[in-house]
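Enquirer: Just dropping this structure here.
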Amino acid sequence: MPGFIGREQHSVDEKGRLLIPARFRRRFLLQENDPATGAPSRSPVLYVFKADDGSLELYEPSVWSEKEQQLLKLSDFNPDERLLTTMIYARLDQTELDRSGRIALSREMLDHAGIVKDAVIIGANAKMTVWEPLRLERLLSDNASRFAPLANRYI
């Protein structure tokens, strides 16, 4: 199944709820089949991660599970590996999709991203990223000259 693609802007309400675009909801709501019924299961859970670039990253359970498997390989007895695990889980939260297609973001998550009223949601293949609109535009304009060299180097 194709990844998340596209960009939409939505308002965050006074309770910190953000509407997930319908085209993205369709993608992550259809997970593996329910073992009991054989029907496609619906998983309204998303993992929210505070990224270093000031955005929030949203992961569906199957994608986060792959990352978690990598973390499980790290040793609690290795100080660097233990630190990394602690730092990742300290930046992670879990939220659920409500019946209106919204997720509730904690004040801590909103503050990290600088989101007050509006947010831009970008489909970024296996994840979605959530940005404060001006912060995103500043990042894109400040780095516009880097696009072609980066694209030529990595894709």
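Yeah, the Cβs are placed from backbone N, Cα and C, and that goes for glycine too.
A quick note: this is a predicted structure, and the numbers were derived from the prediction, not measured.
According to Swiss-Prot, the domain 'SpoVT-AbrB 1' annotation covers 7-63, on the basis of sequence analysis. Under the heading domain 'SpoVT-AbrB 2', Swiss-Prot lists 92-135.
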Enquirer: Quick check on the domain 'SpoVT-AbrB 2' (92-135): DSSP residue counts for helix, strand, coil, in that order please.
Expert: 10 helix, 22 strand, 12 coil
Enquirer: As a test of reading the model: what is the averaged pLDDT for the domain 'SpoVT-AbrB 2' (92-135)?
Expert: 96
